Structure formats: structure tokens, C-alpha cells
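Below: one structure, written as C-alpha cells.
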Amino acid sequence: MGFAKKEHEFLSAIGLAPENPGGFINGKWKASGPVISTVSPSNNQEIAKVTEVSMEEYEEGLRSCNDAAKTWKSLPAPKRGEIVRQIGDALREKLQHLGKLVSLEMGKILAEGIGEVQEVIYMCDFAVGLSRQLNGSIIPSERPDHMMFEVWNPLGIVGVITAFNFPCAVLGWNACIALVCGNCVVWKGAPTTPLVTIAVTKLIAEVLEKNNLPAAIFTAFCGGAEIGEAIAKDTRIPLVSFTGSSKVGAKVQQIVTERFGKCLLELSGNNALIVMDDADVGLAVRSIFFAAVGTAGQRCTTCRRLYLHESIYQNVLDKLVGLYNQVKIGDPLEEGTLVGPVHTKASRENFEKGISTIKSQGGKILTGGSVIESDGNFVQPTIVEIASNASVVKEELFGPVLYVMKFKTLEEAIALNNSVPQGLSSSIFTSKPNTIFKWIGPHGSDCGIVNVNIPTNGAEIGGAFGGEKATGGGREAGSDSWKQYMRRSTCTINYGTELPLAQGINFG
């Protein structure tokens with residue numbers, strides 16, 4: 001068991017125990033559902049046990065959260081921002097421990113685990129400033145002695161369903177904004193990263209208690225698909241944010257839309273990186289390496305398709321294969337490791353199935369392509385030479401597999417970038433301004449993230465994060481994403497004594 005190991009003593013410092021109730025409901029930790037073991041992907045050994053919530057406990061949590069919403073929405077936005085600031089400070093105090101937990105339970109390397117928690121802290125900082133800027137527009141009225149303007153008000157409760165690959169960052173993108181906008185939050189974390197869900201919730205709960213606020217402002221559930229389905233169906237939750245596959249996201253959207261709720265979807269990515277003949281090859285190769293190999297290929301923004309101009313194709317490919325052949329794969333908590341395991345045994349099996357499909361469609365494995373025999377879920381980062389019209393290229397294989405293809409012209413490369421159902425992230429490497437502006441313009445990439453001379457992954461929190469097409473169309477984190485977490489009213493006030501009608505209508 002994880003708690004028996006000296007190197008796992010830090011777990012106690014963030015409120016975890018060998019056995020943990022997985023529901024934070026009206027200020028109490030409770031759960032009476034199935035007991036699961038959460039394991040380390042590095043060796044598949046148990047870290048701790050977690051009891052998932054029952055449907056009765058879900059209902060109790062929603063009732064208390066709904067009651068707490070009345071208090072929270074009445075608090076001025078800057079006061080709500082102060083609470084989020086304190087949450088950020090609480091996370092800062094436990095940054096190293098939480099980052100280590102993310103690495104242990106999810107499998108990403110320690111630097112990325114710490115970076116993920118840091119991203120939540122940055123979101124808290126962003127949200128604090130935002131709490132004083134939830135401004136509506138003043139609109140000129142065509143009628144004399146009339147004033148027209150917009151007012152933004154809280155929705156009430158925001159449901160956040162997160163995925164295993166970013167077990168706390170995606171919560172931060174949503175919850176920090178939702179809270180300052182005056183909403184309570186109901187969080188269902190991924191079933192395979194429950195300890196991250198519990199540890200982060202404990203810190204938030206301490207801040208609420210210290211400020212004498214209702215604990216149910218933030219409600220958390222560890223559970224399976226039935227809890228996610230309940231959130232999607234619940235009319236008390238006006239907005240549901242879901243991160244996961246396009247297949248499941250389509251089902252969530254259908255359920256939420258049928259009850260006229262709002263959906264914020266962050267779904268599959270099948271991200272392309274284009275290297276033009278005028279690109280800085282060294283910069284491109286380093287970027288491709290991080291984009292394709294980082295987090296063992298399990299980021300939504302991982303580079304999965306690489307399009308190389310035919311004149312530099314072999315040069316870039318040789319350099320890239322050289323990097324792949326010397327990458328350190330191993331325990332994500334060990335210094336120097338760049339590639340940890342994929343998250344579960346099922347992920348490893350999907351990798352194997354994916355390689356078989358690739359070979360059946362004429363793909364040539366240039367490096368990697370095998371699982372690594374061990375107690376953990378380790379696979380080899382893989383580069384595949386394949387035809388751009390192979391059907392497997394249109395799909396998202398969630399692992400460190402990179403498809404490499406040639407192109408001749410910019411127009412061809414853009415068409416290839418846009419040829420898949422997904423539309424999350426994209427990047428081009430070039431030194432020509434006219435290429436850059438075509439790429440980011442109306443005839444360029446159709447993705448939500450359109451980069452130049454940087455990887456497809458590693459987005460900053462200041463910009464809105466999200467994609468188009470089968471990626472779902474949602475936007476989280478920065479820019480004006482906050483507007484999705486509030487309801488907008490257009491208000492017109494007549495402060496005169498006459499009743500002029502719009503459009504000059506004379507009615508009697």
C-alpha cells in the first residue's frame with residue numbers, strides 16, 4: 001500500500017489516509033458507495049482506497065449546494081474574489097505535495113504535475129482580478145430619456161466533470177471563474193484520480209470554513225458514470241462543463257440540451273503541426289518533441305499529426321528520431337524522466353490495438369511501437385510514417401503516437417490540418433509574415449488554438465482555451481470565457497414621462 005512507503009509520507013500532509021470517503025457534502029466527508037483502489041500507473045500498486053458516493057448522497061449534496069447558492073450569489077463579486085485568492089494561497093502552500101500527488105496518481109512527470117497545480121494557482125490569480133471586472137455594456141438607446149445596458153448575474157450552480165489527464169487544472173479553469181461569477185460548484189473528478197479530487201477539495205473546504213461560509217458552496221463527488229449522468233440530467237445545474245472524449249461529450253450534450261441546460265464541452269483533439277521549408281528546424285524539432293511526447297501523449301493538445309515540407313522532410317525526421325531514441329522513460333517521480341506511463345492498463349491496451357490498426361493501414365513504424373514489459377503501464381513513444389488519407393489519422397489515439405506526412409504547398413498543408421473531425425489545436429513553423437497571416441486568418445487553420453513557432457500544447461491561462469467541430473466549441477480559462485458562467489440581461493430604463501416606442505411605432 002502507498003502509505004507504507006516512506007516516499008509517500010507526503011500524502012498525510014495533504015489530508016489523505018489509507019481509506020478515504022469520496023464525497024464532500026454539506027461540509028462533511030461521507031460516502032457509502034463502492035470501495036475502489038486507486039493505483040500508481042508506474043507499478044499498478046495501490047496507493048489508497050476511496051469510497052465512492054451513492055445516488056442518495058448525490059441528492060443530499062445537490063440539495064445543500066442549491067441552498068448555499070442563495071448565500072454565495074448575494075456576496076459582492078470582489079468579496080468572492082477574496083475567497084478565491086485565499087484558495088490560491090492554500091494551493092501555493094501545498095504546491096509541491098499536490099504536484100507530487102498528481103504525478104503519482106495520474107502518471108505525468110513531476111515537473112508537469114507541479115506545473116498543473118501552478119496552473120490552478122494562476123487561474124485563482126486571474127479570477128481575483130476578474131471579480132472587479134464583470135462589466136456589462138452601456139448601449140445607446142434610440143428613444144429619448146431611456147437608458148439601455150447589460151447586467152450579468154450568476155447562473156446558480158455549475159457542474160464540472162473533469163478527466164484524468166488534468167485532474168485539477170481543468171477544475172481550476174472552470175471553478176475559479178464560476179466562483180467569482182457567483183456560482184456554487186459541483187465537481188465530479190475522474191474515477192481514476194480520486195485522491196487529487198479529495199486533496200484539492202480539502203483545501204477549498206478549509207478556506208470556506210475559515211470565512212464562515214456554507215461548505216456546500218463547493219461540493220465534490222468521487223464516483224462513476226452514474227454520477228456524471230445525474231449531473232447532466234439535473235435541472236438544478238444550469239451549466240455543465242464536461243471534459244472527455246467526443247463520443248461521451250455528444251451524449252452529455254444531448255442530455256443537457258434536452259432539458260434546455262447549457263453545455264461547455266472540451267473534447268477530443270487531433271492536433272497538427274506544420275513545418276514549412278523556411279522554418280527554424282532546431283526550434284521546430286524541440287517543439288515537436290515536447291508536443292508529441294509530453295505527458296506520454298495524453299494531453300488534449302498533444303501533437304498527433306506532423307506535416308513536413310518535402311524539402312526538409314528527411315532532415316527533420318532524422319533529428320526527431322534521434323531525440324526519441326534517447327528519451328528517458330520511467331518513474332515520473334524520478335529526476336530526469338521525460339516520459340512516464342500511460343494512465344491505466346486499458347490505456348496500454350488501446351496503444352497496442354492502435355499500433356495494430358496503424359500497421360494494417362500501411363503505417364511504417366520508424367521508432368517505438370511497443371509496450372515496455374514492466375509492472376507499470378509504459379509504452380514506447382512512437383513515430384509512424386503513413387499516408388495522410390489513412391482513416392486512423394482521422395482518429396485520436398490517446399497516447400504518444402505521432403503520424404508523419406509530407407506536403408508540397410501551404411494550401412495543401414492547411415487543407416490537411418483542417419481535414420479531421422476535431423479542431424482543438426494547431427501550429428505552423430515559418431519565418432514568413434504572409435504565411436503567418438494566412439494561417440491565422442479566414443483561409444487558415446479551423447482550430448480554436450492557432451499557434452506559430454510554438455508547440456500545439458502548453459497553453460497559457462490568459463487566453464480562452466477550447467476548440468471547434470468535434471472538440472465541442474467550449475471556451476474555458478481566460479479572455480471573456482467568464483461570460484459562459486453568467487446569465488445576461490438587457491435592461492432598458494425609461495426615466496422620462498413620455499412613452500416613445502422602439503422603431504418609431506405609433507400605437508394609438
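Don't overthink the numbers, they just go from 1 along the chain as shown.
Glycine is no exception: its Cβ is also placed from the backbone N, Cα and C atoms.
Feature annotations, courtesy of Swiss-Prot:
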type	residues	note
SITE	Asn165	site 'Transition state stabilizer'
BINDING	Gly244, Ser245, Ser246, Lys247, Val248, Gly249	NAD(+) binding site
ACT_SITE	Glu266	active site, proton acceptor
ACT_SITE	Cys300	active site, nucleophile
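Known features from Swiss-Prot, placed on the structure.
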residue	record	DSSP class
Asn165	site 'Transition state stabilizer'	coil
Gly244	NAD(+) binding site	coil
Gly249	NAD(+) binding site	helix
Glu266	active site, proton acceptor	strand
Cys300	active site, nucleophile	coil
Which number gives the other C-beta atoms within 10 angstroms of the C-beta of Ser246 (NAD(+) binding site), all protein chains shown included? 19
Tally every other Cβ atom lying within 10 Å of the Cβ atom of Gly249 (NAD(+) binding site). 22
Sparsest Cβ environment (other Cβ within 10 Å) among recorded positions Asn165, Ser245 belongs to Ser245
Determine, for the NAD(+) site, the additional residues of the same chain whose CB lies within 8 Å of the mean position of the CB atoms of Gly244, Ser245, Ser246, Lys247, Val248, Gly249; present them in sequence order. Ala250, Lys251, Val252, Leu267, Ser268
Do you know which of the recorded positions Val248, Cys300 has the most other C-beta atoms within 10 angstroms of its C-beta? Cys300
Rounded to the nearest Å, what's the C-alpha distance separating Cys300 (active site, nucleophile) and Gly244 (NAD(+) binding site)? Just drop the number here, would you? 9
With every protein chain in view, how many other Cβ atoms are within 10 Å of the Cβ of Glu266 (active site, proton acceptor)? 28
Can you give me the Cα-Cα distance between Asn165 (site 'Transition state stabilizer') and Glu266 (active site, proton acceptor) in Å, rounded to a whole number? 13
Which of these binding-site residues has the least crowded Cβ, counting other Cβ atoms within 10 Å: Gly244, Lys247? Lys247
